[in-house]
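Enquirer: For reference, TrEMBL lists these features for the protein:
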type	residues	note
DOMAIN	14-420	domain 'Major facilitator superfamily (MFS) profile'
TRANSMEM	12-35	transmembrane segment
TRANSMEM	55-76	transmembrane segment
TRANSMEM	83-107	transmembrane segment
TRANSMEM	113-133	transmembrane segment
TRANSMEM	140-160	transmembrane segment
TRANSMEM	172-190	transmembrane segment
TRANSMEM	240-262	transmembrane segment
TRANSMEM	274-293	transmembrane segment
TRANSMEM	305-325	transmembrane segment
TRANSMEM	331-353	transmembrane segment
TRANSMEM	365-384	transmembrane segment
TRANSMEM	396-415	transmembrane segment
Amino acid sequence: MHAKDSNPPDGGYGWVVVVSAFMVMGLTAAVLKTFGLFFVEIQQHFDELASTTSWITSVTIAIFHLGAPVASSLCVRYSHRAVVITGGLLAFSGMALGFLGLSMIWMYATTGFLQGLGISFSWTPAISIVSHYFSKKRALANAIASAGECAFAFTFGPFFQWLISQYGWKGALLIIGGIQLNICVCGLLMRPLASSCLLETSHSEAETPSGNGVSRTDKDDKSPITQKTFNWMLVRQTEFVLYAIFGILAAMSFFVPPLFLVPLSYSLGIDESWTASLLSILAMVDFAGRLLCGWYANLHITKPVHLLTMTITLISTSLMLLPLASDYLSLAIFTGFYGFFFGTTVAVHITVLADVVGMPDFDSALGLFMLIRSTGGFVGPPLAGLIVDMAGDYRAGFYMAGATLVLSAGFLVSLDQLQQRKGRGIQTNTKPEKPTLPYPSLHLLKLQ
């Protein structure tokens, strides 16, 4: 097999896949981010407590993460196209059945469980197939695809509010479910790659012989064909474990700022109308950060793991500075910094995961990473809330998030050091040696 045949296309039809993934991100993650607009309507309809109503979103987020390994396993067994289409049908079913609004338990099962499973089955393979189609331009492709979340979230807010005002919350759910059927169309456009194209190889690897005389590429090319099961053994790989721990700590931090940004602004005496604009600023700079970071990563000036370490460090710095804000202008500036660097992190972290495990194991790694990372998302907000209650100040939550991100950056540094040591070890082991005759006497006979 020639190396050029086993490399991802890095363009061509791959851009159709990127646009499809962009749409899927908007129709899944953006819907989840703006579902809070239904919170008060559903709470008043069922006359329930806020804590009881909030479980709808909690169930959705939990199933979204818990379903990721299942979605990845199905991608390995069948195809990304089939799983995305299934996810679109599940997402539509969750919203359409939620339209009936029979009881709060019914809402947990429909807009919670079914919607969460639909989002998981759509989001996970959409992100995964983009990485299969791209190698050199993978960071840019992932950034463009993930930007769909920001673009749609920016427009879905006022659109969903209009739907609720015109058709009520039940009618709005049914219409949104119909819109989510477009996920199936996006899934149809995600044409599966041939098995030989699922693995990225480099020219240097193609010329590197192994100890038994079989080239490294010859062995690796068999991976997409022979590996048809979900690889749970990734949890035994040190590099993946380090990156998973980073994911847990990062998730503990990422869910905190959006939770306490509005209460912090109220505590500073900022008007509600100005406070709402902070969320718009967050979405816009997040969008810009993803695209700019994807473009920069595509230049291959900085190693992806180094770029991710820098963005995490900058996010933690912005979170540490944000509590120093005393008025709307300073709060908007620090919020902008946070949103921009958050976008850069989202743009590159999937690319780093692909570099850590390699493309043959990427589908399995993405599912496991999502599952493991979910623990941080569940622990982070309650922990931050406890710290805020103890300190009596919303600023404490931002300090906690910034400190956790600093700790997560340490695991990225450890991962990079481990990869460098292994790289030096491979170079040493593959260094060619001069051939010598087994016995000096035979060498002398040859000279005579």
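Keep in mind that glycine also has a Cβ here, set from the backbone N, Cα and C atoms.
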Enquirer: Six or more residues out from either end of the transmembrane segment (55-76), which same-chain residues have a Cβ under 8 Å from its Cβ atoms?
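Expert: Residues packing against the transmembrane segment (55-76) from afar: 32, 35-36, 39, 42, 82-83, 86-87, 107-108, 111-113, 115-117, 119-121, 123-125, 128, 227-230, 363-364, 366-371, 373-374, 377-378.
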Enquirer: May I ask whether the transmembrane segment (12-35) has at least three C-beta pairs under 8 Å with the transmembrane segment (172-190), counting pairs 6 or more apart in sequence?
Expert: yes
Enquirer: By a Cβ-Cβ criterion of under 8 Å, what residues six or more beyond either terminus of the transmembrane segment (305-325) are in contact with it?
Expert: 250, 253, 257, 264, 268, 293, 296-297, 331, 333-335, 337-338, 341-342, 344-345, 348-349, 352, 355, 394-395, 398-399, 401-403, 405-406, 408-409, 412-413, 415-416, 419
Enquirer: For the transmembrane segment (396-415), which partner among 12-35, 240-262, 331-353 gives the most CB pairs under 8 Å?
Expert: 240-262
Enquirer: So what's the mean pLDDT when you look at the domain 'Major facilitator superfamily (MFS) profile' (14-420)?
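Expert: Mean per-residue confidence for the domain 'Major facilitator superfamily (MFS) profile' (14-420): 84 out of 100.
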Enquirer: Residues of the same chain, at least six outside the transmembrane segment (331-353), with any C-beta under 8 angstroms of its C-beta?
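Expert: For the transmembrane segment (331-353), the far contacts come to 127, 131, 138-139, 142-143, 146-147, 150, 243, 247, 250, 254, 257, 261, 264-265, 268, 270, 277-278, 281-294, 297, 304-305, 307-308, 311-312, 314-315, 318-319, 321-322, 324-325, 362, 365-366, 369.
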Enquirer: Is it true that the transmembrane segment (365-384) and the transmembrane segment (83-107) have 3 or more Cβ pairs under 8 Å, skipping pairs fewer than 6 apart in sequence?
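Expert: The transmembrane segment (83-107) and the transmembrane segment (365-384): touching, no.
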Enquirer: Please give the sequence-distant neighbours of the transmembrane segment (83-107): residues at least 6 beyond its ends with Cβ less than 8 Å from one of its Cβ atoms.
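Expert: Same-chain contacts beyond the flanks: 24, 27-28, 31, 42, 45-46, 48, 52-53, 56, 71, 74-75, 113-126, 170-171, 173-174, 176-178, 180-184, 186-188, 190.
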